[in-house]
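Below is one structure; the comments refer to it alone.
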Amino acid sequence: MNHLKTFILLAGLTALFVGAGYMIGGPTGMLVALVLAVGMNLFSYWNADKIVLRMYGAVEVDASHPEPRVRAYVADVEDLARRAGLPRPRITVIDSQQPNAFATGRDPDHAAVAASTGLLGLLDRDEIRGVMAHELAHVKNRDTLTMTVTATIAGAISALANFAFFFGGSRDDDERPGGLVGTIALAILAPIAAMLVQMAISRSREYEADRIGAQIAGDGLALARALEKIEAYARGGAVNVEAERNPATAHLFIINPLSGRGRDSLFSTHPATRNRVEALLRLGVSQATRGRSGTAVPTGATGKSGPWG
C-alpha cells in the first residue's frame, strides 16, 4: 500500500509539472514540459549519486583505514548489507561535525552510504549499526531513486512557476490557457503543491526505513537511541553548511540537517523524531519478546509506513 501511495504521489507530481507547462504554453508547452521531465529524470537516474557525494565531499573508506572506529563502521555496513540481502555499497565518510547519515544511488547495485565524522564520534557501535541499517533500508526499498526523481520534478515545477511569474505576461490573455489570473495562480500554488507532495513522500519513506532498518539490525531500540542523540545535538550543535546551501537534499539524511527544523507538519521533510522514536520503542519491545534474531530481511519486505505500526 505504501508503494502504491508513493506511485500515486509521483504521478500527481508529474501531472502537476506537465499541467504547469500547459498553463504557460498550451499544448506545445505541455509537450515541452513532458520532454523536459523525462530528460531531467534520466539525468538524475544516472548521475544523482555522483553529484550528491561530490557535493558533500564524501571520501570512500575500507577495512584498511587507520582509525578503528571507521574500520568498525565499514565492517558493520558490510555485515548489515549481507543481512539485508544487498550487494556491498560504496562506504563513505563526510567531514562534518553534525551527526548525520544518508544513502544515495539509483539501485542496490549502484548504492552508496555516507556517515559524518560527527555521527561516528557521537554514537556507540550499536547505534551506528541502527543508523546504517536505516540507510540500507532506503537502498532496499529504492527510496534513493524515488526521492531523487521527486526532488528533480519539484525543483522543475518551481522553476516553471518562476518563469510564468516573470515572463507569463508577455503573451495575450486569449493565447494563454487560464489567462493572467491562471498564470499568477500557477506561480503561487504550483511550488506549494509540489513541496507538499515531496514532503509527504519523504515522510512516509522515513517511517518505512525505520521499521525495516530495525529488522535488518535486529535492534530497533538502538536506532531509537541514535535518533534521540542526533536530534538533541542538531538542536544546538554544528550547522551543516552544505545542506544549508542545498536544501533540496535535506530529505536524504536520517535527520533533517537544516537549521529551520519544524514539527511533523505538511512542510517538514522528516516525521517528528518523537513520533519515530515512539514507533521504534514499540517495535523494540516486540523484538525483545522474541529475542534478538539478527536474521536476514526477506527481499521485498513491506509493511505500514506510519507510527501506527
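Note that Cβ sites are derived from N, Cα and C of the backbone, with glycine treated the same way.
Noted in Swiss-Prot for the protein shown:
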type	residues	note
TRANSMEM	7-27	transmembrane segment
TRANSMEM	28-48	transmembrane segment
BINDING	HIS134, HIS138, GLU206	Zn(2+) binding site
ACT_SITE	GLU135	active site
TRANSMEM	149-169	transmembrane segment
TRANSMEM	177-197	transmembrane segment
REGION	289-309	region 'Disordered'
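Annotated features, which come from Swiss-Prot, shown on the structure.
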residue: HIS134; record: Zn(2+) binding site; Cβ neighbours (10 Å): 27
residue: GLU135; record: active site; Cβ neighbours (10 Å): 28
residue: HIS138; record: Zn(2+) binding site; Cβ neighbours (10 Å): 27
residue: GLU206; record: Zn(2+) binding site; Cβ neighbours (10 Å): 25
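Surrounding the centroid of the Cβ atoms of HIS134, HIS138, GLU206, where the record places Zn(2+), the chain contributes additional residues within 8 Å, namely ALA103, GLU135, ALA137, ASP143, ARG205, GLU208, ALA209, ASP210, GLY213, ILE254.
Taking only the Cα positions, the spacing between the residue listed as 'active site' and GLU206 (Zn(2+) binding site) is 10 angstrom. DSSP classifies GLU206 (Zn(2+) binding site) as helix under the three-state reduction.
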